[in-house]
Amino acid sequence: MSHKNTLQGIYAISDEILTPYEILSQCLESALKAGVRIFQLRDKSHSDEWLYPIAKELLGLCERYNALFVLNDRLDLALRLNAPALHIGKDDGEFSRVRERFSGILGTSSYGDLQRAKILESLGADYVAFGAFFPSPTKPNATAAPLELLPQAKQTLKIPICAIGGISTQNIHLLKNADMCAVISSLWSHNTQDSSTLKSTRTNSTHTESTLQNRLDSITHNAKALQKALHK
């Protein structure tokens, strides 16, 4: 099934701290139930072999909700999984080589460089991401991109564009020219419970269940709030 018409709306990206693997599938399902239809699994720490069963489970979960599963960076793992989508960054190998091997949806990062995006589009990119548009707690050293880049990109490119970087309910309305808005902290963060506290309370099952449910409720609330703010 083609997912290219899914390239719009909230684009959720996992985070190894905010979405620890012990609860990632539950976190993802809460977001999917709340209407999120794009999810990227991003892991910079583990081997493909270690990640494979987790990625397979998350892919199946996305398929159940007719959502697009995107794998970050890992071409060989994407091919093994028959993943529908792959996202590669600036240093993830020569784009043309990846495009030759991967027939699914292929997205890439262009940061603040519209000329690079035009080249990537000509080489077969299915979407391109720009940013960071706002200060990002997960990437504090990310290069800033100006908001005026989005209307320029929308006018220049034929493929969908994704905005990234510090996006929240307070600023997402400024990104109307983007087809997708990638979020991490504003989706997964829980005001009263961080992942380290969650892990430390695993021995107390009653406490943990309550803590986890609060966390999942927070994700549901965040997902709905982001979608509402996006469509204001």
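Don't overthink the numbers, they just go from 1 along the chain as shown.
A Cβ is built for glycine as well, from the same backbone N, Cα and C atoms used for every other residue.
Unlike curated records, TrEMBL annotations are generated automatically.
Annotation comment: TrEMBL describes 10-186 as domain 'Thiamine phosphate synthase/TenI'. Averaged over the domain 'Thiamine phosphate synthase/TenI' (10-186), the predicted model reaches a pLDDT of 96.
The feature 4-amino-2-methyl-5-(diphosphooxymethyl)pyrimidine binding site is assigned by TrEMBL to Gln40, Leu41, Arg42, Asp43, Lys44, Asn72, Ser109, Lys139. DSSP gives Leu41 (4-amino-2-methyl-5-(diphosphooxymethyl)pyrimidine binding site) a strand state.
Sequence annotations record features per position, and here TrEMBL assigns Mg(2+) binding site to Asp73, Asp92.
Look at TrEMBL and you will find 193-213 tagged as region 'Disordered'.
Most Cβ neighbours within 10 Å, among the binding-site residues Asp43, Asp73: Asp43 holds that distinction in the structure as shown.
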